[in-house]
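Worksheet: the structure to be examined is printed underneath.
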Amino acid sequence: MTPAVTNDRKRAGNDPGTGHKKQKKVVRRKYKAKAVEETSPLGVLKHEIDLLMKSVSLHESDIANDMPGILNEPEIASKYHREVQNVKIRQLSSNGDGLSVIQHPTNEAGKQIILVPFGLPGDIVTVRVFKTHPLYAEADLLSIEEPSALRDDSLINCRYFGKCSGCQFQNVAYDQQLVFKKQTIENAYTHFAPKLMAANLLPKVDSTEPSPLQYNYRTKLTPHFNLPYKKPENMPLPPLGFGSKGRPEWRNTDGGSGSILDIEECSIGTPIVNVGMKNERLRFKKEFEKYKKGATILLRENTSINDTDLVGSTNESGEVSTIKDNDSIKTCVTNSRQIVREVVDGREFEFSAGEFFQNNNSILPAVLQYVRSNLAISDKQDNYLVDAYCGSGLFSISCSDNVKKVIGVEVSADSVKFAERNAANNNIANVKFIVGKAEEIFKDIDTPASQTSVILDPPRKGCDDVFLNQLSEYNPVKIVYISCNVHSQARDVEWFLNNTVNGANYKVESIKGFDFFPQTHHVESVAVLIRV
């Protein structure tokens, strides 16, 4: 018979052969690198780190961080995650963060590259490193020992700046912000169009077009809140606002702490959008118990011609909040399916509130004028226009003057319906809209290529090779490429000129930035290609 003690040993987790307690197996955590798309923010940061390394004669082996040690050895992690003084910010990333080189914490001969939100080139700062990646680390800006000549904190126009992730440059003069954005475009083409740069086939980047409004310009905001998987009873009201940026201590800012800041107003939002935010925060406070999970609240400006049938966010009295604006009335719509109206350059555009539409109306007339002037071919012949990724028809309709025919193509059937509606409302008869993938449009285009210009306004990921090949085979006389991600634009332009059947027949005539989002790192870029 087996002794009873054996069962006791088994139950106790002991080794039945020796009576000794089993040792738990130590499982070492492994760092798993994630695939990164090259023109995404992280992909671009990799190029910027490479550029910084070259500028100070460093190699990857000089800046490598001990990821296994950080993940598994508290003593090693504590050496990395420390406070560092007298840190000089050397340059800006395209995301508006400062980049610096400091002494490596465990390699006396090495250096460490750190990312410092709200640091400006020339700043001497104290930071706290709190998160480490293989080739760089993230740090919080604790204090500014010597401010950069570029820094002017008296310009700050928002009580959340320095903590909110929305703006990066409120403490920088506006002219300098435009310089930063021009540099972002130049760096994008350096990184992603190196062959064109080396062959001197790119023009100098033009000065960035300023926005007429530097504040109160944004017609859409999307504050949000989070809830735990299981919402506890009597849970306090969570913060409703926007994401935080690091753990700042250099400014005594409002908004609380945590991943989402509690934000009552946004200085770059339009006045009516901020009225809507106030209304919806009050509604959220009253109706919070109804929510079972986190949500995003849509705040979209709407322009009404008269005061009948007004729709939008309501105040405590149940009345739709309005702001008079010359001959129109502004309201703030919160229903993503509600049809809203914007007036751009004298034309009216309707679309679903939740669909994409440009968020800074003040700069759109300048953008449209620039695009129109660069689409022109000749007044002595019939000209045609193809608008890929046409959405609800902003560019198709706005550029339809002096063109015999415009063909707009959009993958979204709903957007095409709005585009057709907008053409009719604006009495535009020479525009035709097609539902279909932009990657397949040119097989059905029957306009003569030598008399046709093409507008491209793709999503952030840019164009794929299939589309660019078809564009090249179609061989239009002009291409105007509008992009909210200059890095994918630069990649696409290089690939188009070097790898497509007719790409060598084109030259890049101009590249120009437009500041759709003042106070932030974002910049829109327009590249004009002509067939030679």
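Cβ atoms here come from the backbone N, Cα and C positions, even for glycine.
Feature annotation (TrEMBL): of 1-27, 82-108, the stretch labelled region 'Disordered' is 1-27. Q358 is the residue from Q338, Q358, Q369 that TrEMBL records in the S-adenosyl-L-methionine site together with Y389, E410, D457. The domain 'TRAM' (78-143): residue composition by secondary structure is 3 helix, 36 strand, 27 coil, according to DSSP. C484 (active site, nucleophile) is 13 Å away from Y389 (S-adenosyl-L-methionine binding site) when you measure Cα to Cα. Within 8 Å of the centroid of the Cβ atoms of Q358, Y389, E410, D457, where the record puts S-adenosyl-L-methionine, the same chain has further Cβ atoms from F356, D387, C390, G391, L394, F395, P458, I482. Between the C-alpha atoms of D457 (S-adenosyl-L-methionine binding site) and C484 (active site, nucleophile), the distance comes to 8 Å. Our reading of the S-adenosyl-L-methionine binding annotation (Q358, Y389, E410, D457) yields a largest Cα to Cα distance of 16 angstrom. Residue pair E410 (S-adenosyl-L-methionine binding site) / C484 (active site, nucleophile) shows a Cα separation of 17 Å.
The distance from the Cα of C484 (active site, nucleophile) to the Cα of Q358 (S-adenosyl-L-methionine binding site) comes to 10 Å. Summarising the environment of D457 (S-adenosyl-L-methionine binding site), the number of other Cβ atoms within 10 Å of its Cβ, over all protein chains shown, is 22.
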